[in-house]
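Right, one structure below, let's go through it.
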Amino acid sequence: MERELPGHHSETGTSPGATLSKNSTRLAVPGACLAFHFVVGAGALLAYRFSGSFSALAAAYLLFLGTFTIAVVVFMGSLRDDDSREKRTSPADVFGRVGQNVWLLVTGCALAFLSFRTSMGFKVSQHFDIKQGVVFGAICFVVAFGAFVLTKLVRSRSRDELPEAEALAEWSLNAQWVMIITGISVISLSWNKTSIALWATRLVLFWTLALCMETVFRSFAAFFGPGREEKHKERPHVQLLLLAWLFSQKNPVSEVARILGDTFKVDLRSSWVAGVVTKVFLPILALLAFALWAMTSVVAIQPEEQGIKERFGKPHPEPLEAGMHIKWPWPIETVHKYPVHTIRRMTIGYESPALRQDFIWTRPHGEKEYRFLIGEGQELISLDAVILYRIKNVMEYAFQVQNPLDALEVSAYRVMTLESVALTLDELLTKDRGQFSRRIRQKLQEELDKQKLGIELIEVCLMSIHPPLEVAAAYQKVISSHLIKEKEVLRGQKYKVSTLPSAMARAKSLVDSARAEALVRVGRSKGESDGFRVMEAVYSMGRSLFKSRRRIEVTEKALAKRELVVIDDRLFQGEIESWLDMRGMRGIEESLHPDHGHETE
């Protein structure tokens, strides 16, 4: 057996540069497709997060399915490179071929569940104004053109360089048409064509669900495929039949037959296989189509909805309540759903922007702001209001007029004009807005009941009443001056209210204190006067006795709280004999006998 010397190559061998180029192609092109699908899918998901558009959410589901599938193509390219190496170091070491099948199985089931749940509960409402809708739609068309360029790039690679080139091209074409449909949906929604947006979103969701179901089936069947070699037993199939049928450059029927033959190792172009397909497959396909058609006889009404059932265009007199209902399949009977328990809003006086904003006089409140005549047609004013309403009678709402929302808007403008034309700007700015809005709501409800629109008004909220934008600054200065005047008046009244009661209370307190002091002094003086008269009477009755008594009283007061020793003066004259207890009275003893302290015992 011949061996090549190091640094030499056989004539039939491949040079290292060619091998490197082929390997880089196997990973670079799928990597570009993977990055494209992931970035666009993430952008669509962010658009749904900030705008609430279900069209963007449906596109994100489909693009993420393509991302997960193309990731397997990248791993398959790594596996193909690693098959010729003794040691595998690619990301395929982590996943392996079995892991790739499990990867597709799990992601297909998850995205199928999300698509089905979204298709059963999504609602289409206006998320964009005209300008934003056109911008977002233009972005979708630019992304679709990028997918078209990517498709041309992928198909420029030969099958020898990139065996999965056709599958990648089909996924890129799929992304291209999804972005075109999403752009059409967003633009139609900004123009209030909700029916187009509704069917476009449903189309993307059902297409995503179909691709997910095929991915799950093929990934699950890959474990039980007949007649395979061991090394290829678990290799996933990334080229889907539905994509090949729509986007293949070759004959779609032949391409689908080739994919089925590669999957089940059967040549579907042979005569006996064609007979089997004619006898078995076509009846099964017809039965499946009949089952799908029969499924249109089941309709689900959400808790906040009511439905109207029509048979060949003739409505049933009673609406369908929430729950599951059985009807004749489409097109014999159809059901139209209406959110009767949902409170909806309509802006009057201005076109509502997509984002909420503050209402300021000197700043426009929307793309377009309307004006009303007031003061018997002498003045103009901008009056912005929001009407909250819901469907009261679904039959009247659906069949009385062609477009009940346009009728509601026209009636609201007419009632607001009639109610405001007799008022002046000062009256509108200073009077109770609640009373004005309640009057508008009452008049508008009477108008709607007269037209039998089936709409119940919940509230009419006056958001802003202000002069036109051109003179709003001057009006604002005048009103600010009035407000400053009122503020100063209120400040003076506040000072008066807070100061006057305290001053009056203090004055009353001083008067009461003076009166009390006068009463005390008068009482005291009267008492002293009465006492003096009594003493005068006593003195006149016995002058010596009175003087002795008064002397004793004065002495008693003077000697109060003092310790005294009373001694008869005859004691010192020796006229009487007396015994004194001198214990504890050493000072008195020394004073009686001055020489006593010099004697020794």
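Our numbering is plain: 1 for the first residue shown, then up by one each step along the chain.
In case you wondered, yes, glycine gets a Cβ from its N, Cα and C as well.
Any TrEMBL annotation is an automated prediction that lacks curation.
Note that the coordinates shown come from a computational prediction; the quantities given were computed from them, not determined experimentally.
The feature region 'Disordered' is assigned by TrEMBL to 1-20.
Per TrEMBL, the feature compositional bias 'Basic and acidic residues' maps to 1-11.
Feature annotation from TrEMBL assigns transmembrane segment to 27-48 (among others).
Per TrEMBL, transmembrane segment is recorded for 60-79 (among others).
What TrEMBL lists as transmembrane segment is 102-122 (among others).
Under 8 Å from some Cβ of the transmembrane segment (134-154) lie the Cβ atoms of residues 29, 32-33, 36, 40, 47, 128, 162, 165, 168-169, 172-173, 175-177, 179-180, 182-184, 186-187, 190, all in the same chain and six or more residues away from its ends. Annotated transmembrane segment per TrEMBL: 134-154 (among others), in sequence order.
Tertiary neighbourhood of the transmembrane segment (174-191): same-chain residues 36-37, 40, 44, 53, 55-56, 58-59, 62-63, 66, 124, 126-130, 132-134, 136-141, 143-145, 147-148, 151, 197, 200-201, 203-204, 207, 243, 246-247, selected by CB-CB distance under 8 Å and a gap of 6+ residues from either end. The transmembrane segment annotation in TrEMBL covers 174-191 (among others).
As annotated by TrEMBL, transmembrane segment applies to 280-301 (among others). Sequence-distant contacts of the transmembrane segment (280-301) (same chain, at least 6 residues past either end, Cβ-Cβ under 8 Å): 120, 307, 320-330, 333, 335, 337.
As annotated by TrEMBL, domain 'Band 7' applies to 296-479.
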Mean pLDDT over the domain 'Band 7' (296-479): what is the value?
77
